[in-house]
Amino acid sequence: MPELLNKTKTNLNFENIKILIKKFQSPFWVYDSNIIHKKINLLKEFDIVRFAQKACSNIHILRLMKQKNIKVDAVSLGEIERALVAGFKPNSNEIIFTADLFDEETLSKVIDFKIPVNAGSIDMLEQLGKLSPGHHVWLRINPGFGHGHSKKTNTGGENSKHGIWNPRLAIPIIKKYKLKLIGLHMHIGSGVNYKHLKKVGQAMIEKAMEINEKILFISAGGGLPIPYTFNEKPIDTKKYFIIWDEARKKISRFLNTPIQLEIEPGRFLVAESGILISQVRAIKKMGDKNFVLIDAGFNDLMRPTMYGSYHHVSVVTKDDRNIHETETIDTIIGGPLCESGDIFTQKEGGNITTRKLPILKIGDYLIFHDVGAYGASMSSNYNTRPLIQEILLENNTFRTIRRRQKINELLNLEK
């Protein structure tokens, strides 16, 4: 949930932001490790917490997770390599590879390091089984329905590419190659509510009974929402656990075997820990519309453009002048890209909206809240713009965990 900079008890406050602004070139990301620790503690009832690193894959964030005994999910060869560099062990359940297909290079690496595979297609099982009989596998099941904060984050149902539609068809392949089925996984999308959660839990029970094979784990997947606006309520993690624990117990009784309950949060652990600091570089009027243009674009923060996502915005003035919060104007916030869609105030489908902001000056700073998930990890080099710096606040100090990329580093790839 966004917190006012002058009232927050976190390290993401006015004083620290002003220090960082003086020291580092905007735009840049900032994370507060204390917030991540608190979010981890909310999930301690689950047997296994596995971080969906696609939300924030910085190696230093992964190391922070490992220090707290959090395991990791990887969805690409690059994420496998990140996990290994961060200290997660191969040939164990510390890393699981989740996907709907293998490319040859990734398949080879998964086999070499004996990384368990959460298979989202029958073809994956066939390809893995031929080369690595006995490999540990999960089945990622598409329950036939989905849910998400955006149509683009819905990962269940017949319009989704994710998961195995009929998991019974996987069993002959698993037995043919003597693959070791260790778990069932179900994830229907991001921003799941309790009603959908109960439906997913029941679907997991039905699929486990239908398959009727001994397993060690079930995974609740991810999708735990966070409140991006002031009027949203945080999810009740105890209620979330109870729903899945009931499913686990029913499956355990049916299969007559103990089963561990795993959860795979991404956004929930890191979103509220991060902010994006940007600077106002141009102000102009287009007809009746007021535009404020900043030095960060959708190459940095993609979510508003891709999903129509809302992020609360705070203002820090360059000259410490007092801002009258009641004296606001409707403002469209745009970035520097040569792209009409480079607008931070839009809804899904590209409909432009406004924010009520105080009257700004060139050099003032806009702070985007709750960007620790799918912020830096979704950044690109569009318009040949370098990736920006990432900073971690930890143990009452701050350090760079990714330096600013140089343009020459981009050009050298093409020489």
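Note: Cβ is positioned from N, Cα and C throughout, glycine not excepted.
The active site, proton donor feature in Swiss-Prot is assigned to Cys338; the stated evidence is sequence analysis. Sequence-distant neighbours of Cys338 (active site, proton donor) (same chain, six or more apart, CB under 8 Å from its CB) are Asn383, listed in sequence order. The secondary structure of Cys338 (active site, proton donor), as reduced to three states from DSSP, is coil rather than helix or strand.
Annotation source Swiss-Prot lists pyridoxal 5'-phosphate binding site at Gly223, Glu264, Pro265, Gly266, Arg267, Tyr374. For Gly223 (pyridoxal 5'-phosphate binding site), the number of other Cβ atoms no farther than 10 Å from its own Cβ, over all displayed protein chains, is 30.
Neighbour density for Glu339 (substrate binding site): within 10 A of its CB lie 15 other CB atoms from the protein chains shown. If you look up Swiss-Prot, you'll see Arg267, Arg303, Tyr307, Glu339, Tyr374 marked as substrate binding site.
Around Lys54 (N6-(pyridoxal phosphate)lysine), a 10 Å sphere centred on its CB holds 19 further CB atoms from the protein chains shown. Here Swiss-Prot flags Lys54 as N6-(pyridoxal phosphate)lysine.
The CA atom of Lys54 (N6-(pyridoxal phosphate)lysine) is located 13 Å away from the CA atom of Gly223 (pyridoxal 5'-phosphate binding site).
The DSSP secondary structure for Arg303 (substrate binding site) is helix. Arg267 (pyridoxal 5'-phosphate binding site) falls within a helix when secondary structure is assigned with DSSP. Proximity of Gly266 (pyridoxal 5'-phosphate binding site) to non-local residues of its own chain (separation of 6 or more, Cβ distance below 8 Å) is seen for Phe51, Ala52, Gln53, Lys54, Ala55, Cys56, Gly222, Ala373, Tyr374, given in sequence order.
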